[in-house]
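Colleague: Okay, so TrEMBL annotates it like this:
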type	residues	note
DISULFID	C12-C46	disulfide bond
DISULFID	C16-C51	disulfide bond
DISULFID	C27-C36	disulfide bond
DOMAIN	58-155	domain 'ADAMTS/ADAMTS-like cysteine-rich'
DOMAIN	172-267	domain 'ADAMTS/ADAMTS-like Spacer 1'
Amino acid sequence: GTWGSWGPWSSCSSSCGDGVALRRRRCQRSSEEQPCAGDPRQYRLCQLQGCPSGSVPFRAMQCSLYDNRPVLGTSARYRWVPFHGAPNLCDLNCLAEGHNFYYSFGRVLDGTRCGPGSPDLCVGGRCLSVGCDGILGSGDRPDACGHCGSGHGSCVLVHRLFQGADPSSGYFGYVNVTKIPAGATNIKVSDKSRNYLALMASDGRYVLNGDWAIAWPGPYEAAGTLLTYSRAPDGTESLEAPGPTLEDLHVMALLQEPNPGIEYQFWL
């Protein structure tokens, strides 16, 4: 059998925060044909404006619907809060407040987070990851360049070892290591010596370890990305940034001893 075209997306399952939208397709076949392979439904993440401060979280709201209602075949009444220790993340597992037992009220509503802080959502009782295409369960992941679903075919890895000569002033002074072009991602630079890595923006302004002043390890903003600079007690240094960079960056080294080699890599 062959599928017909996808229908329109439904409205979002939530009015704020995260939710899911659904679309369907029909299998077009006669009774003699094989059924269509694949799913007749597809879900995507829809992210709306944030919920007002003080709003009850989605899962907690679903548990609270059973407050003071009879359960377990008794006349006892309980207040219910989410319980996250049960095996099935997409069941509405609720703990009786002030007691040491929980009860499962069936499935959570579609679009409920699988757990606290989890990026994954429950749909039809299953915990599904959101692909980079926004489709739940698609499995699409961004490639090293940040493109969705294209594999590594759109990327070029630059991975080299700089073993340049000493500056004209002898062992001391700045030398150029490489230029990291705009658009680079997954940047890593490492040095294992008493020398210092330095970084200059495209306008000639130092971002890190410039003008003979050594910076503290930590996060720095440069070229539209967050750079992490680390330095170990033995002098080992690294620069890492996820990118993509919005402008060229110039990696340099402030030499105090012969350069044993500076390794760098990034994707374009």
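Glycine is treated like the rest: Cβ placed from N, Cα and C.
Bear in mind that the values here come from a model prediction, so they are computed numbers and not experimental data.
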Colleague: Taking the disulfide-bonded residues one at a time (C12, C16, C36, C51), which has its Cβ surrounded by the most other Cβ atoms within 10 Å?
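Modeller: Answer returned by the neighbour count: C12.
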Colleague: What does the DSSP secondary structure composition of the domain 'ADAMTS/ADAMTS-like cysteine-rich' (58-155) look like, as residue counts for helix, strand and coil?
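Modeller: In the domain 'ADAMTS/ADAMTS-like cysteine-rich' (58-155), the DSSP-based counts are 11 helix, 28 strand, 59 coil.
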Colleague: Rank the disulfide-bonded residues C27, C46 by how many other Cβ atoms lie within 10 Å of each Cβ and give me the one with the fewest.
Modeller: C27
Colleague: Counting distance between Cα atoms, which of the disulfide-bonded residues C12, C27, C36 is nearest C51 (disulfide bond)?
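Modeller: Checking each of C12, C27, C36 against C51 (disulfide bond), the shortest Cα distance is to C12.
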Colleague: Give me the Cα-Cα distance between C36 (disulfide bond) and C16 (disulfide bond), rounded to a whole Å.
Modeller: 35
Colleague: Suppose you look only at the domain 'ADAMTS/ADAMTS-like cysteine-rich' (58-155); what would the mean pLDDT be?
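Modeller: Summing pLDDT over the domain 'ADAMTS/ADAMTS-like cysteine-rich' (58-155) and dividing by its length gives 87.
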Colleague: Where C12 (disulfide bond) and C27 (disulfide bond) are concerned, what is their Cα separation in Å, rounded?
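Modeller: C12 (disulfide bond) to C27 (disulfide bond), Cα-Cα distance: 25 Å.
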